């Protein structure tokens with residue numbers, strides 16, 4: 001959630017004011033207090049949901065109904081009447097799925113959900129005039145947009161396409177029958193993911209509600225383990241260890257935020273006195289550390305959301321190579337991968353993983369041509385219409401090209417010994433982190449004026465270096481198939497499997513998209 005609201009809007013909300021005394025006592029905006037209260041309540045409710053409302057104790061209809069009602073209650077508690085926007089787009093999308101021609105249902109759903117989201121994003125900029133008010137409901141709306149479009153494409157796969165037209169992954173996730181109203185509402189509005197996500201696949205969610213989620217994945221694992229079928233006789237693995245580890249990560253992130261992040265405000269990068277009097281190196285170092293310090297709030301929100309899903313028994317990936325249960329099916333980031341990234345691509349692949357998978361699922365894998373450009377456009381539109389977002393996306397293009405060209409031209413010289421490889425890794429880590437810092441600054445500054453102030457104070461040095469490097473090295477090496485580039489957004493195939501290996505006890509990563 002956002003930490004930099006203006007003072008005059010800090011304690012306003014269209015949601016519940018029950019926790020206003022807590023908000024005033026702690027000095028945190030009321031919307032953040034409401035959000036945290038809902039997520040902690042969701043954590044407790046998730047344990048209850050798994051233990052007392054398990055598939056063996058309650059039928060799927062009851063589980064769907066409870067998950068939906070709790071989710072709607074959270075929306076109303078946090079956003080008041082603004083929650084009507086989210087409910088409206090979900091109901092409208094269900095009508096499309098039921099009434100529209102099944103051959104075009106994916107197109108209608110995409111236009112409706114993205115159109116509604118864009119209208120809300122535009123009003124947020126031009127009506128709220130850049131104040132990120134506590135009435136900002138765009139986060140849940142962004143998550144619901146992902147779910148609506150994911151389901152629509154997978155429904156089209158299952159009901160309109162022949163098996164040979166689908167990839168193996170699409171076959172597994174294809175939906176062969178239209179969902180009922182309660183199933184649709186539950187998938188989109190369940191309390192586990194309604195506020196922060198992550199976006200999961202409909203078939204995985206239905207398996208979870210109906211009690212097949214863990215047993216199917218255990219059977220898949222046992223099928224690859226020399227024909228042993230002992231998992232059918234063992235109880236479902238408990239998510240308690242995974243939840244505790246993730247909550248420990250959350251505690252560390254919260255502590256870091258309270259102690260470090262608040263003392264390194266992003267806006268100080270464009271403070272007139274700082275820009276005009278501080279030496280370039282000082283400004284560069286402050287920018288680096290202020291961006292590093294901005295990440296833990298994302299780590300906190302996404303890791304807590306993952307823990308909530310796990311506590312309810314959702315998110316089981318299977319058994320890892322050591323025979324231990326892995327609960328990283330819907331993890332959204334890999335903190336270790338982010339903080340140690342030695343390339344722009346690695347950084348992005350480990351940050352907001354589920355959004356990368358969504359972009360690949362609904363756009364990159366399906367666009368007949370201009371796949372990369374369309375994926376960039378969809379990602380930018382989904383994030384919103386703040387100019388800072390577009391500065392970030394445009395800046396990322398030459399940096400990605402330059403990074404790839406430099407790697408192809410230089411890397412092989414450093415592979416001769418472990419010492420040289422270590423030097424290469426350290427240099428590429430520093431370059432990657434500085435480039436990310438430079439690229440994502442506009443994402444956090446949002447507006448045109450502060451973005452230009454920042455880039456002028458940095459003499460546009462990363463723009464210049466990356467463009468020159470890309471041009472100079474382009475002649476040496478013809479670019480590879482552009483499909484490689486898509487990894488910027490399509491961390492899907494790598495992420496869905498790599499998440500299992502990488503998003504172990506700590507998940508997270510880095511980059512800087514605001515969700």
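From the backbone N, Cα and C atoms, a Cβ is placed for every residue, glycine too.
These numbers come from a predicted model, not from an experiment.
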Worksheet entry | 8-27, 108-127 - the one TrEMBL records as transmembrane segment | 108-127
Item to complete: Would you mind telling me which of 348-368, 453-473, 474-494 TrEMBL tags as transmembrane segment?
Response: 453-473
Worksheet item: the transmembrane segment (108-127): which same-chain residues, six or more beyond its ends, come within Cβ distance under 8 Å?
Response: 85, 88-89, 92-93, 96-97, 100, 136-138, 141-142, 144-145, 148-149, 151-152, 362, 378, 381-382, 384-386
Worksheet item: Cβ under 8 Å to the transmembrane segment (65-96), counting only same-chain residues 6 or more beyond its ends: which ones?
Response: 13-16, 31, 34-35, 38, 42, 45, 49, 53, 58, 105, 108-109, 112-113, 116-117, 120, 135, 137, 140-141, 144-145, 148, 152, 181-182, 184-186, 188-192, 194-195, 209
